[in-house]
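Chemist: Quick one: structure below, then a few questions.
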Amino acid sequence: MAKPYVYVMLVADSTDESCDEDSTTLKIMPENNSSKWTGLRLALLVLFLVLYLVIGSVVFSALEGPMEQKEIDEIKKLRAEFLGNHSCISDAELERLIVKIVKYSERGVSAVRNATMEPNWSFGQSFFFAGTVLTTIGYGHVAPLSDGGKAFCIFYALIGIPLTLIMFTAIVERLNIPVTVFLQYLLNKMQHLASPFHIRLVHLFLVIGLVLLFIFLIPAAIFTALEVEWNYLDSFYYCFISMTTIGLGDYIPGEHPDQQSRTVYKIATTIYLYLGLIFMMLMIAVLYEIPELNLGIHFYMATAGSGDGETTYLQARNGGPNYTQQIDEPVHTITKSYKRQLTSDSDEESPAAVQNK
């Protein structure tokens with residue numbers, strides 16, 4: 001008969017004043033059905049995501065299909081009118097011209113007033129392209145054409161993307177200090193009015209409101225004023241697609257042929273993308289630090305309960321500001337864990353037996 005398994009965890013208790021940084025306590029936690037329920041919840045999440053993809057496919061097909069067909073009919077009409085007005089051009093010749101124009105357009109070379117347009121690889125355009133590479137937004141409207149450019153882009157991204165993420169993380173950690181100080185201020189002033197969880201929600205909504213105002217609403221209004229063919233929905237859509245790093249590339253600032261001060265505009269837009277992503281990461285960090293809203297824990301970690309049935313939140317060391325410490329809750333840090341098969345009853349009763357192995 002197979003021996004049961006146990007989870008062995010080395011846990012540092014922050015409530016023990018005599019416990020130094022390297023001291024740990026060995027605890028043996030028997031495997032129970034909670035881990036199986038965690039796996040079941042994860043499977044249900046995967047199924048829900050598949051269903052969500054199917055729903056999205058159906059909705060997009062229903063919304064965009066008629067619009068696509070309308071534009072196809074419009075192109076056929078324009079093509080027929082052009083051939084009727086220019087009888088010296090055959091349908092095959094026009095087809096070859098269209099194929100070439102589409103091919104170069106997909107590679108970032110536009111045929112619209114190309115003789116007077118600023119080239120794609122001017123300093124401003126290149127600065128914007130480099131910014132979209134390092135932030136992984138990658139609109140795809142412009143791409144390297146030469147083999148040397150493609151090779152350099154690979155190495156440039158391999159070095160630049162990790163550096164950008166490190167910089168973002170460092171800046172967010174610094175910005176999180178005054179944000180946490182403000183949270184502590186709210187906890188002190190409102191503790192007699194609401195629970196700590198509801199105070200944290202107020203704090204989170206304030207952060208979300210500021211990000212929504214300064215990263216989405218105001219920039220969308222600015223883009224609407226600067227872009228000739230964009231309405232406010234188009235501008236807000238561009239901000240959302242960029243800040244979520246989806247980067248579809250259907251709306252790109254400064255691409256209109258009559259755009260003034262294109263270089264300055266492109267550089268300013270790149271700075272906006274960097275600042276916006278930093279504050280998006282800050283907002284996510286504030287959200288993640290609220291244990292009750294960290295839904296991911298229900299899909300990858302089994303709940304560990306104490307003898308009286310109370311739930312203990314296990315948080316990683318140096319994982320940012322610890323809100324539970326501000327309300328005097330005990331915090332345990334997992335420093336090491338592994339799975340082990342019991343060989344005898346004495347192993348289950350004696351943690352020292354496990355520690356000596």
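Backbone N, Cα and C atoms are what each Cβ position is placed from, and that goes for glycine too.
Caution: TrEMBL annotation is automatic and unverified by curators.
Keep in mind that what you see is a predicted model, and the values were worked out from it rather than measured.
Sharing the features that TrEMBL gives for it:
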type: TRANSMEM; residues: 42-63; note: transmembrane segment
type: DOMAIN; residues: 117-175; note: domain 'Potassium channel'
type: TRANSMEM; residues: 123-142; note: transmembrane segment
type: TRANSMEM; residues: 154-187; note: transmembrane segment
type: TRANSMEM; residues: 199-223; note: transmembrane segment
type: DOMAIN; residues: 212-288; note: domain 'Potassium channel'
type: TRANSMEM; residues: 235-252; note: transmembrane segment
type: TRANSMEM; residues: 264-288; note: transmembrane segment
type: REGION; residues: 338-357; note: region 'Disordered'
Chemist: Verify whether three or more Cβ pairs under 8 angstroms connect the transmembrane segment (42-63) with the transmembrane segment (235-252), leaving out any pair fewer than 6 apart in sequence.
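Modeler: Answer no: the transmembrane segment (235-252) and the transmembrane segment (42-63) share fewer than 3 Cβ pairs below 8 Å.
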Chemist: Can you give the mean pLDDT for the domain 'Potassium channel' (117-175), rounded to a whole number?
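Modeler: So the average pLDDT across the domain 'Potassium channel' (117-175) works out to 92.
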Chemist: Over the span of the domain 'Potassium channel' (117-175), count residues by DSSP class, listing helix, strand and coil in order.
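Modeler: Split into helix, strand and coil, the domain 'Potassium channel' (117-175) gives 41 helix, 0 strand, 18 coil.
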Chemist: Which numbers of helix, strand and coil residues does DSSP report for the domain 'Potassium channel' (212-288)?
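Modeler: Tallying H, G and I as helix, E and B as strand, the rest coil: 54 helix, 0 strand, 23 coil.
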